[in-house]
Amino acid sequence: KPTQTRGERANSTQKSPAQTLDRTLQCLFAKGPDIEKQGLDNLAYEYGSQSDLYPPPKAASTATLKLLGLTPRHQAQAIESRICRLNGVLAASLSLTSSLAKVDYDASVITTKEIALELQSAGFNVESAVQVRVDGMRCQSCVQSIEGQIGPLPGVSHIQVSLQNAAALIVYQPLLVTQQELREKIGDMGFGATLSADDPSGYDISCWQRDLLNLTVNIWIVGMTCNSCVQSIEGRISQMTGVQSIAVSLKEEKGTITFDPSLTEPEQLRAAIEDMGFDASLEGSEKSRPVTSGLSDLSDLQLPNKPGVSNGTGSQATSGSGMKVQKCFICVMGMTCASCVANIERGLRKHKGIVTVLVSLMAGKAEVKYDSEVVSAAAVTQLIEDLGFGAKLIEDNAVTHGKLDLTITGMTCASCVHNIESKLTSTKGILGASVALATKKAQIMFDPEVLGARDIIKIIQSLGFEASLVKAGFKNNLDHTEEIQQWKNSFLFSLVFGLPVMGLMIYMMVMDSQHQEHGGSMPEEQNLLPGLSLLNLAFFLCLPVQEIFGGRYFYIQAFRSLKHRTANMDVLIVLATSIAYIYSCVVLVVAMAERASQSPVTFFDTPPMLFLFIALGRWLEHVAKSKTSEALAKLMSLQATDATVVTLGLEHSIISEEQVEVELVQRGDIVKVAPGGRFPVDGRVIEGSSMADESLITGEPMPVSKKVGSLVIAGSINAHGALLVEATHVGADTTLSQIVKLVEEAQTSKAPIQQFADRLSGYFVPFIVIVSLLTLVAWLAIGFVNFDIVRENFPGYNQNISKAEVIVRFAFQASITVLSIACPCSLGLATPTAVMVGTGVGAQNGILIKGGEPLEMAHKINVVMFDKTGTITNGVPRVTRVLVLWEIARMPLRKILALVGTAEASSEHPLGMAVTKHCKEELGSDLLGYCRDFQAVPGCGISCRVSNVEHLLQQQSEEQENILCVYNISLLSVEPMSYSVLIGNREWMRRNGHHIGADVDAAMSSHETKGQTAILVAIEGVLCAMLAIADTVKPESALAVFTLNSMGIEVVMITGDNRRTAKAIAAQVGIRKVFAEVLPSHKVAKVQELQEQGRRVAMVGDGVNDSPALAQADVGIAIGTGTDVAIEAADIVLIRNDLLDVVASVELSKKTVRRIRTNFVFALIYNLVGIPIAAGVFMPVGLVLQPWMGSAAMAASSVSVVLSSLMLRM
């Protein structure tokens, strides 16, 4: 049984059962004998019911129609009878009080359009409501997108989309548009859309009905000159969603607009008029009479509110007497742009009990002051959630204490300290003060809601002392200065004491191989003492200093590693050098004690080589890493150092100005920003208009228009107009500080890449130790079982030594020889040499790689994220097409270019500069004509008069040049031609009385859908050309994307630019996955999201806004022409600004890692051969470790590793 509305129940109770039956029978008999029979067979009947007597079949549908123009004079029964006569209508009821008709019909026989047509023939305009379920909405931007696309469609009177309910309520005119068409339109936008089978009157739509009456607002408009201005404003504003009517008076300089407050608001209307180039200000609003269009008085469709949802009729509260104002901080998720901030602030302020709202986009935080007697912090959080954003309460009424460190000069004794402290502590808002006479420092705790740092300094200055902020040094968690110094020292010490050792080692190798029969490198006659040769003494004396100073840091790192129960490369190096040194000392002392004739073979040459090469590798690596941490300091340098704080009088007149340090600017201060200056704080413009370069945040080169109410960002640059800005976020809360924080967090949280050598060492060290122990145990066992084997192979066997001692000495010698010969030297050199050669090869090819980690990681990359502007595109706008409208104005291209180029030469806008540059290139001349009466209207275009372009119109051929030269001489005495030039958008042309034809409009639209800007040119009152301007794609971008895809790497584009432009650029280069309108913090989040899925991500970018993501990515790749901050936050820098170098860096990484592994193979092969020989496995077949073999093999393995690395250059 369909649900009855309140009006229907009221009507049904007034009618007798007989009347009701009579109406229903009329409905039934109108359908012919078949229906009559079916109706009479079913005698089910209930008092007050008309639909139960004839229950609808399964295919029945219910429509609620609003009859506009229905009055109490109309006969409800006559209208119901007329509807019931239609074939397929099953039942109908009409409420005169609500003007609503409820019709049950068979959808397979009749449509709502046919029912509406019948009602229209009866003299009524008809509207219907439909509920559409919408899947796939993510944030408030999706809501606005659907409302913006569906609202202006013909036949749509009203639309309200609820993100929370995932539904859209649409009031439409069935004669102009159908439910299916509306559903398809929403589906075409990329959302899932299904029609609700239920009657929309059964839903709670009161949260969408904010006012039953339309409003009328008067707006003062200054700058209209003629009737075309009036028509232009009326034409533009009447097309806006929610505007019912508009009347503009040129004489009174006033516009009167009637609008639906649920769809738009006065400030939006005022801003829209201002965007057209006029000055607009609100006079005030008043209630108008009810307007009978739309759903504005469908009161019968309203049900009681859902809990926690307000209808927004409450006025904004002000902090008056008797109000208990509290403050809460709410974490807000899902904000994507400045309009999200505006929506939250506007949405909350409409509720009763909300005093002030301040939302920070970058921090994702809202600070709300509210009247605790009217609303609670939880309710405020719920209100934000109702707006379609995620919200979580952080602090409820937490007093955030400010802390201030000052340097105070002029204090002489304890009395001065007491004066300052007593004065400060007695001041309202200061919670505590501590002053130290010796250090001249003061630490003050204060409530920033009551006073600020500047006020406190003024209080101290009023006592006769000077106070200044303690400049906090830039705290950098990634400062590599200490590590660079220690590895540099380590390398230099190793070099000083290692070079003699290396020289002696070469001498030893040569002598052992050439003069073995004469005692080799250590003949008996050169022994200083029995068992001590001159060579071993020289080795011994060089090593202790190097061990203590050169190798100290290796020992420290190894100790830390063992403390954490891991074995890395440092453990292997320390183990090898220590055992080699201790073993060499022990055998030397034993030989001296035994007064041996031959000095023993030692391994004193192992530590110097290792320490020297590895210390060099570590030093160079830390130098490369230090460049990364400079990014944060560079970011901070973008902040303005001081600000001009002004005091305002009536009508924003400036009473006084004061130059203060930017750290002393307080929230609520009015700051004056001159043309060309940096914005010192985040704030809201309260006076003036200008353009601002915000590429810092968005990465987009196009300037952003700033007018009253616009938000500005600290660190961005004001272009050409003076602005007064009210500070909303200062200090650590500014957007720039948030980016610094993001970069810092990304760099410190990124886990270091575990290098291949360390992973191998984790297995190799325990393996060598175990083999060494097994060798010891095996030879002890063999010696005691069969002493003859030991006696035959023990060099210099002395029968005076006991059998047990010989066995133990032999076993220990074999065991320690295994440890010493295990080649940590070649293992240690395997990575540093390959990395050094790899980075050198990269540098020669324009790829700067910072250390070994990015080089080792790049080959593992499976996702590459590209920024758009300046990375895939050139980053500067260029003219892509000049369309001459020959049929309208028969003007040659060269003349158009000469006039347009001269006109735009006076413009500061990037588009104007692009046009001028193109015209100069095409004309082949840097000298253009003369421009006067130049006028630029932000957001519209320019107008001027151009003359002296005759010299640009001549042809290039020599003959024509000569003719024209004579002609020009004859013209010298004649007044040069002057042309009126207009350049701008459609609005600018319409305002100046130009009609834009459908073909021209279509040509402009075709470029605009590709994300390009189309502008029109009118010369001497005639439209003569269209120019398309765009940030063009780099020629190699598509090939780079294709190559990466063919390598099995997924390519993604991420940009702060709008979705349409992003998709157009992505389509040109072959990228399928695009993230548009993304903030710097969201870029980091996208990188983290992919990393959490186990993907290895490379980020390629060029701007400050990319730096947090570059730092977070597994490999950050910066374009060499980008900002210093991006270059220093990245791991790899592409000097040549060529995207194919991204492919080259991945290939170089693959080859370098392959080479590193080859190096390890060389080192391991040596170990696999050398260790068994050292362990004595081949003693039975006569293969014993000869004195020169250890050193020679170690040197050979090291040389083979270095030569292998040098093969990368091939």
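Backbone N, Cα and C define each Cβ position, glycine as well.
According to TrEMBL, the domain 'HMA' annotation covers 61-127, 128-194, 215-281, 326-392, 402-468. Annotated region 'Disordered' per TrEMBL: 283-319, in sequence order. Here TrEMBL flags 308-319 as compositional bias 'Polar residues'. According to TrEMBL, the feature transmembrane segment maps to 491-510, 530-550, 571-593, 599-620, 763-787, 807-830, 1160-1182, 1188-1208.
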In the domain 'HMA' (326-392), how many residues does DSSP put in helix, strand and coil? 22 helix, 25 strand, 20 coil
Residues from the same chain, set at least six apart from the ends of the transmembrane segment (763-787), whose C-beta lies under 8 A from its own: 567, 571-572, 575, 803, 806-808, 810-812, 814-816, 818-819, 822, 827, 1171, 1174-1176
For the domain 'HMA' (61-127), what's the mean pLDDT in this predicted model? 81
DSSP-derived helix, strand and coil totals, residue by residue, for the domain 'HMA' (215-281): 22 helix, 24 strand, 21 coil
Among 61-127, 128-194, 402-468, which stretch has the most Cβ pairs under 8 Å to the domain 'HMA' (326-392)? 128-194
What are the DSSP helix, strand and coil residue counts for the domain 'HMA' (402-468)? 22 helix, 24 strand, 21 coil
